Amino acid sequence: MPIEEVCDSVSAEDDAKKGPDVPFLLEERVKEKVSWKDVLRKKVGKKCSCSSARFKALLVDSIPIVKWLPRYQFKDWIIGDAMSGLIVGILLVPQSIAYSLLAEQDPIYGLYTSFFASIIYALLGTSRHISVGMFGVLCLLVGQVVDRELTLAGYPSDTNQTTLGNVDNSTGPICDRSCYAVMVAATLTFTAGVYQVLMGLLQVGFVSVYLSDSLLSGFATGASLTILTSQIKYFLGLHLPRVQGWGSLIKTWISLFKNLGHTNLCDLVTSVLCLLVLVPTKELNDRFKAKLKAPIPFELFVVIAATLASHFGRFEETYGSDVAGSIPTGFMPPQLPNWSLIPNIAVDAFSIAIVGFAITVSLSEMFAKKHGYMVDPNQEMYAIGFCNIIPSFFRCFTTSAALTKTLVKESTGCQTQLSGLLTALVLLLVLLVIAPAFYSLQKCVLAVIIVVNLRGALRKFGDIPQMWRVSRVDTIIWLITMATSALVNTELGLLVGVLVSAFCVLGRTQSAQVRQLGQAGDRELFEDLASYKGLQSQPGVAVFRYEAPIYYANQALFKKSLYRSVGLDPLKEKARRRKLDKQRNQKQGGEDQNQEMDVSTNVYLLQHNSLYTLVIDCSPVLFLDTAGVNALKEVCKDYKGLGVDVLLAQCNPSVIDSLRRGGYYDPKKGTKEIQFHTLSDAVSYAQSLKSQNGDCDTFV
């Protein structure tokens, strides 16, 4: 019976005559085609509609504080927010000085940066815990650009006050080195902020989905090691330059060991005493946090006691201890960026914008998952963008989320971004009134507080065995991200982590196996024969499952794995038969020729007579591309040449659509579309074809 008649007889079966050879069909919905113009018009109309409800929703989405501030639980949250805001504000004073010098700026501009960033992010940010301010990596990048532009403008590196009359400065015709450095940093910050806001408008915040839990944890741990290493010199009271470039952690430790002989005993003793106080008290806070409404601010007590001891003990004058020093007070009038500098720093600003966004989103996602709430990556892009644009008019430089201060903020009881406003209030008081009060605060005390609050991230090393038992792939991602962030470069660690995660996903599709399935009794349940006992195979019908999408990168592996699992490689079989035919033609004599033909036929029948239908379970196949469709075409064609039919079962709608568009179903070649929604339907259909038509070689 011809193939067309077999398929037509199945499709035209009477409703009263329903048997196992009639596959169950679902009626597909007719998809309404919508013009792209109508879709665009609808979206534009929705975005541009004007109403009170629309304005309210836009205001709440754009300024998140409008949403959460009216719901603020004052009695439960105010103590934690107040303590974290106060402590972070105190920590920001010496850190702002150090990071501003790293960015080639005067110390006062570091305080400006932290002050404005804290206020703006509290208004626009969606994370409750992260602290936005100066981050060491960004400060280094800003400092490199400032150094380069100072050199190009003709300022010698060893000159502090040099007049340059041809600099285009909106504040006046003459600009010294410090003024020009501020101008470059502010213009760079403004440009980076514009990039970030544009990325928010283009809705590219989706990139945060590629930052997995293992990646974020590895990045945080690696960065914690770098932060820990950077604080050791303050423990020992060593005056060492900050190491820049790749491998800074190893280089810093080498420098520390070389200079151990210059350790300041006063700073070392102070560090040890603070550690002896803070470590056990922090453990007590963690153990009884369920009973405490807010953690006891032991860090604040240590800071006050250490400042008084240093002041009255004259540690700086007597022992040469490194202290915060004096900070000038007051604000300066705003100024516009230097527009003529933008072409020179546009590329640098883009890289800074990407790094700042990646750091902010990674930290906000990490703490949001830890505390059980959601953050909006696109809104985070807007928030960090405006944290750069607006402060740039007040001589500030680039900011992002800062891991050290975020860990301190979280561990001291932060509940909302109200703590950021309180931090800004502390900085305002410092800028206007009480700057001299922190003059005698030793930097080693602040370093101890930072290191003690890194305990959570550093404890991840103890979780490695458990992580390895749960998922080796996630553990490998964690280790590579952590090692790259710590030993090579912090921002590079985040990039490497994303790439390793992507390659791991790709590797899983490459290592997918074809598994032979068996039926569990009379139930419509098919599972792997190698994994379960008591499963049965149907005579003449083999059922296989491929547990991955079929696309260009693994289509060759799919065919190879399928042929190996079936035990019949059509290409090798055809080559073997051609070889036998060639040998037969070379034989002289009818007796030898008949004997060789019998051998060829017998071998073929022994291997293939029992298998007449191959069913492929496509339920795990999420999608097919052109290469995947062509691979299935080749499988069907190759097996058809050996008298084996290939049936596809449990295909999802997108796979069926890809098969149709790819020409898999071609009535002109006898391949009519017959869908099998269950494996039982496919097996029953195969058995009915065998009983009705013998060696029917249709394939669908």
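Note that Cβ sites are derived from N, Cα and C of the backbone, with glycine treated the same way.
Keep in mind that this is a model prediction, so the values were computed, not measured.
Listed in TrEMBL for this protein:
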- 77-102: transmembrane segment (TRANSMEM)
- 129-146: transmembrane segment (TRANSMEM)
- 180-202: transmembrane segment (TRANSMEM)
- 214-236: transmembrane segment (TRANSMEM)
- 292-312: transmembrane segment (TRANSMEM)
- 341-361: transmembrane segment (TRANSMEM)
- 382-404: transmembrane segment (TRANSMEM)
- 424-454: transmembrane segment (TRANSMEM)
- 475-503: transmembrane segment (TRANSMEM)
- 531-686: domain 'STAS' (DOMAIN)
- 574-594: region 'Disordered' (REGION)
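Contact count against the transmembrane segment (129-146) (Cβ pairs under 8 Å) is highest for 77-102, out of 77-102, 180-202, 475-503. Comparing 341-361, 382-404, 424-454, 475-503 for CB pairs under 8 angstroms to the transmembrane segment (180-202), the maximum falls on 382-404. Tertiary neighbourhood of the transmembrane segment (382-404): same-chain residues 62, 95, 100, 103, 105, 109, 112-114, 116-117, 120-121, 124-127, 130-135, 138-139, 141-142, 182, 185-190, 192-197, 199-200, 220, 223-224, 227, 331-332, 334-337, 352, 355-357, 359-360, 363-364, 450, 453-454, selected by CB-CB distance under 8 Å and a gap of 6+ residues from either end. The average pLDDT computed for the domain 'STAS' (531-686) is 78. Within the chain, the transmembrane segment (214-236) has long-range Cβ neighbours (under 8 A, six or more residues past its boundaries) at 136, 242, 248-249, 252-253, 256, 260, 263-264, 267-268, 271, 322, 362-363, 365-366, 403-404, 407, 443-444, 446-448, 450-451, 454, 457-458, 460-461, 467, 471, 474-475, 477-487, 490, 493-494, 497-498, 500-501. Residues 108-111, 113-114, 131, 133-134, 136, 139-140, 143, 242, 293-295, 297, 299-300, 303, 324-325, 327, 397, 404-405, 408-410, 412-416, 418-427, 430, 438, 441, 443, 446, 449-450 of the same chain sit 6 or more residues outside the transmembrane segment (77-102) yet have a Cβ under 8 Å from a Cβ within it.
Within its own chain, the transmembrane segment (341-361) is flanked in space by residues 130, 132, 135, 137-138, 141-142, 145, 149, 152, 183-184, 187-188, 191-193, 195-196, 199, 205, 207-208, 211, 375, 377, 380-381, 384, 388, 398-401, 403, 491, 494, which lie at least six positions past its ends and keep a Cβ under 8 Å from the stretch. With a cut-off of 8 Å between Cβ atoms, the residues of this chain six or more beyond the transmembrane segment (475-503) that come close are 136-137, 210-212, 214-215, 217-219, 221-223, 225-226, 245-250, 355, 358-359, 362, 460, 464, 467-468.
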